Amino acid sequence: MTYRKSKIENRKTVVILGAGAWGTALANLAWVNGHEVRLWSRNSSQTLAAVLQDAADIVLSAISMKGVRDVALLVKSCPLSPEIIFVTATKGLDPQTTYTPSQTWQTEFPHHSVVVLSGPNLSQEIEQELPAACVVASKNFAAAHQVQLVFSSSRFRVYTSPDPIGVELGGTVKNVMAIAAGVCDGLHLGTNAKAALVTRALTEMVRIGQVLGSKTETFYGLSGLGDLLATCNSPLSRNYQVGYQLASGKRLTEILNTLPGTAEGVNTCRVLMQISQQQNITIPITEQVYRLLESEVTPQQALDELMLRDMKPEYNQ
Ligand SMILES: NC(=O)C1=CN([C@@H]2O[C@H](COP(=O)(O)OP(=O)(O)OC[C@H]3O[C@@H](n4cnc5c(N)ncnc54)[C@H](OP(=O)(O)O)[C@@H]3O)[C@@H](O)[C@H]2O)C=CC1
Ligand SMILES: O=C(CO)COP(=O)(O)O
């Protein structure tokens, strides 16, 4: 599907891969700014090669994590301009490689710039034209700035960052924390418990990020704390919904069968357990979410495990 609007200066051709909730919302943001937008999904009538022809400037992937590698390989099989900037908006981790989406794209396209787009961006609110902000992060500032120009508007404020992995990990790990927050609210544990959970969740995100090569301050920005607050506090979040419904006693398969769209936190939790074992990272909240998803503990048992961990200082010296 191709959308065209009136001519603007510096008009770009933006190909969006993935016509789900987030891909469609991002397509609209670029389109209202006057760019040519082509939206592609695996069910499209047009082939990917046809959509990518005539020198697309930006190729943005909003594919669920499970499809990222296959789609990246499909893109690689098409003729491409060497100038194309890849943007990834997926929040997940590859179970086979443990790579982030940007690492997957960069591996397949080592000579192209890759930009991560992430932030507190519940797609339903963005579709309602409510104001929001996000971060675009890349090792190549010029590429991040081009993406900033394409998506910025009076209702979508876009910041740049030089820390793509940090920005990506914030959006990815908080999905696991949103499952925990949903459990917390589903069990009606109160405001104190929720504040403690979200605060310790941020500490856990920083700890993971430090081992995986991110800047600590990135986690205190929009893509870390910002996205954590949005998803841990909104019933619009699918990950929060997973936790909330687990707390009511529903089984995971039953919840996922009726969930609208993707809850990446379920898969991310499993990959984080793999990474924590390989890298020896302490991730108590993620571990309890994992055990809950695997039906090894009840929500109440998961809570007890977290409350009765060994006593320790708030910050390790
Ligand atoms: N919705 C939101 O508020 C936000 C979502 N995100 C992230 O964006 C990503 C997509 O989320 P969202 O749009 O909500 O999810 P949806 O489930 O609505 O859409 C997922 C998209 O990915 C495609 N897809 C899934 N599996 C495959 C596959 N194996 N091969 C090819 N394509 C595939 C789907 O195609 P098909 O329709 O054919 O199944 C669909 O186009 C997730 O990583 C999510 O965490 C980030 C910020 C906000
Ligand atoms: O990432 C999101 C908001 O920033 C969307 O969260 P969910 O995938 O949990 O719906």
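Just so it is clear, glycine is given a Cβ too, placed from its N, Cα and C backbone atoms.
All TrEMBL annotations are machine predictions without curation.
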Which of Glu204, Glu217, Glu264, Glu287 belongs with Trp22, Arg42, Lys91, Ser123, Arg238 in the NADPH site listed by TrEMBL: Glu264
Spatial neighbours of the domain 'Glycerol-3-phosphate dehydrogenase NAD-dependent N-terminal' (14-47) far in sequence, C-beta under 8 Å, 6+ residues away: 1-8, 56-64, 67, 71, 75, 89, 117, 121, 123-124, 126-127, 150-153, 156, 260-262
Quick one: of the recorded positions Gly18, Gly20, Ala21, Lys174, Arg238, which has its CA closest to the CA of Asp227 (sn-glycerol 3-phosphate binding site)? Lys174
Rounded to an integer, what is the Cα-Cα distance in Å between Ser123 (NADPH binding site) and Gly20 (NAD(+) binding site)? 10
Rank the binding-site residues Asp227, Glu264 by the number of other Cβ atoms within 10 Å of each Cβ, and give the residue at the low end. Glu264
Inter-residue Cα distance where the pair is Asn239 (sn-glycerol 3-phosphate binding site) and Glu264 (NADPH binding site), in Å: 7
